[in-house]
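**Q** As annotated in Swiss-Prot:
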type	residues	note
REGION	1-229	region 'Pyrophosphorylase'
BINDING	11-14, Lys25, Gln76, 81-82, 103-105, Gly140, Glu154, Asn169, Asn227, Arg333, Lys351, Tyr366, Asn377	UDP-N-acetyl-alpha-D-glucosamine binding site
BINDING	Asp105, Asn227	Mg(2+) binding site
REGION	230-250	region 'Linker'
REGION	251-455	region 'N-acetyltransferase'
ACT_SITE	His363	active site, proton acceptor
BINDING	Ala380, Asn386, Tyr387, Ser405, Ala423, Arg440	acetyl-CoA binding site
Amino acid sequence: MSKKVMSVVILAAGKGTRMCSNLPKVLHLLAGKPMVQHVINTANQLDCTRIHLVYGHGGALLKEKLNNEKLNWILQEEQWGTGHALQKAIPYFSEDENILVLYGDVPLIEVDTLNRLLLAKPHGGISLLTARVDNPRGYGRIIRKNDDISGIVECKEATEIQKKINEINTGIMAINSSDLKKWLKQLKNDNHQNEFYLTDIIKMAYQENRKIIGIQPAHLNEIEGINDGLQLARLERLFQKQQAEKLLLSGVRILDPARFDLRGQLICGSDVVIDTNVIIEGEVTLGDRVQIRTGCLLKNCRIGDDSQINAYTVIEGSFLDKNCVVGPFARLRPGSELSEKVHVGNFVEIKKSSLGQGSKAGHLSYLGDAEIGSGVNIGAGTITCNYDGVNKHKTQIGDYVFVGSHTQFIAPVTVGDHATIGAGTTVTLNVPENELGLSRVKQKNIQGWKRPKKT
């Protein structure tokens, strides 16, 4: 293809009735992102000047979910076929530019395949992505004469002989805008669906002796569309398998690729081990020799070298330095920072707090809006009472503080270095360094007391 300005058109106006959902089809999630987002991301990797999105059902929600994208939004109020969708885009095409047609429900198309398609486009002709499949049911068939592509017949219009053809149309094509405009204006809807088929322009091109080149995808799953929940689930597993295989080949040890979900971007150091049923969301970085045990959810976090995340731990928006141990059943909420060799045990929740080097919170604690120094021991059942019903307040604990079990810090409050907090204390006043803070009620023993008996 000669070097010309190129625009991408993504068709995404379908209602997706077979999804049995009020959500627009192209907003259903694949690997944590709307399926149309995958197509947009792919288009953004091409040498294109503009991306047009033809939308219809659920337009307001589409714009809300894709508000960060630089798109030209084109409304198709009535869905009268793929040809009709492209007709709506005609006013936005520049003269003599190349147009690449993509589909919002075909999310796994690869950049390399599209680049091959664009390079193969002949001058004055069309390059068309086709595929040979074992079961062509539901797809339009490629019609050839003397091995040249002469047309496409939609499945519902095909004869019994044509239905035996196993070369299918994917709908993805590259075409010059001037030719596309001309042929779109000639489309008719005299077919079983009363729709304007984009595929009819292939016959028009052939009748004008234009060259039509068929290109095959590198992998068949690239051209699979999503029309129902079953197809979505199938492509989800295919995509997750692909991602797991790439990580395995890079040296990451994933114990069971079939039970691994990556819904974002994962960067791993060497000798990382990921157990079963781990979910990665957003941008996650794992250092060297990190171990992630079964059932963990990691989202937008960084975990330092030689750290271990034990089973069923949730970490979001947090930073962990080297040699940390977290979990099982722990939760690190956004804004949490753990320095080297910090231990956070089972049923500990940390929110917007920092723990200094070597500090430990072993079990059953809530630490919110806290700044905790190095070498601190947090006893079981410790709570920072950070909320007064209106505002959040901070708890500051110095280095080498010992906090006894079942302690409550009524923030704002400060505890100095090397202080000790007795078990069961409610801390309402600042505790100076090296002092013992204690608010325990004096114990009283009642002699001769007997338990009541059942009557």
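Yeah, the Cβs are placed from backbone N, Cα and C, and that goes for glycine too.
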**Q** Which residues of the same chain, at least 6 past either end of the region 'Linker' (230-250), have a Cβ under 8 Å from a Cβ in it?
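**A** Same-chain residues near the region 'Linker' (230-250) but 6 or more away: 19, 28, 30-31, 35, 107-108, 221, 224, 257-258, 260-262, 266, 268.
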**Q** So what's the average pLDDT for the region 'Pyrophosphorylase' (1-229)?
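**A** Value for the region 'Pyrophosphorylase' (1-229), mean pLDDT as a whole number: 93.
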**Q** I'd like to know which of these binding-site residues, Gly81, Gly104, is least surrounded, judged by other CB atoms within 10 A.
**A** Gly81
**Q** May I ask for the distance between Asn377 (UDP-N-acetyl-alpha-D-glucosamine binding site) and Ser405 (acetyl-CoA binding site), taken between their Cα atoms and rounded to an integer number of Å?
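**A** A Cα-Cα distance of 10 Å.
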**Q** What is the maximum Cα to Cα distance, in Å and rounded to a whole number, among the residues Ala380, Asn386, Tyr387, Ser405, Ala423, Arg440 annotated as binding acetyl-CoA?
**A** 23
**Q** Of Leu11, Gly14, Arg333, which binding-site residues come within 10 Å of Asp105 (Mg(2+) binding site), going by C-alpha to C-alpha distance?
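**A** Final answer, ordered: Leu11, Gly14.
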**Q** Go ahead and report the DSSP secondary structure tallies for the region 'Linker' (230-250): helix first, then strand, then coil.
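**A** Tallied per class, the region 'Linker' (230-250) gives 20 helix, 0 strand, 1 coil.
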**Q** Can you name the residues of this chain that are 6 or more positions from Gly14 (UDP-N-acetyl-alpha-D-glucosamine binding site) yet have a C-beta less than 8 Å from its C-beta?
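**A** Looking at Cβ-Cβ distances below 8 Å from Gly14 (UDP-N-acetyl-alpha-D-glucosamine binding site), excluding near sequence neighbours, one finds Lys25, Val26, Gly56, His57, Gln79, Gly104, Asp105.
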**Q** What same-chain residues, at least 6 away in sequence, bring their CB to under 8 Å of the CB of Ala380 (acetyl-CoA binding site)?
**A** Gly362, His363, Leu364, Ser365, Ser405, His406
**Q** State the count of C-beta atoms found within 10 angstroms of the C-beta of Asn227 (Mg(2+) binding site), not counting that atom itself.
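**A** Looking across every protein chain shown, the total is 16.
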**Q** Do me a favour and check the Cα-Cα span between Leu11 (UDP-N-acetyl-alpha-D-glucosamine binding site) and Arg440 (acetyl-CoA binding site); whole Å is fine.
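**A** Checking the Cα atoms of Leu11 (UDP-N-acetyl-alpha-D-glucosamine binding site) and Arg440 (acetyl-CoA binding site) gives a distance of 69 Å.
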**Q** If you measure from the Cα of Tyr387 (acetyl-CoA binding site), which of the binding-site residues Gly81, Glu154, Asn227, Arg333 is the nearest?
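**A** With Cα distances computed to Tyr387 (acetyl-CoA binding site), the winner among Gly81, Glu154, Asn227, Arg333 is Arg333.
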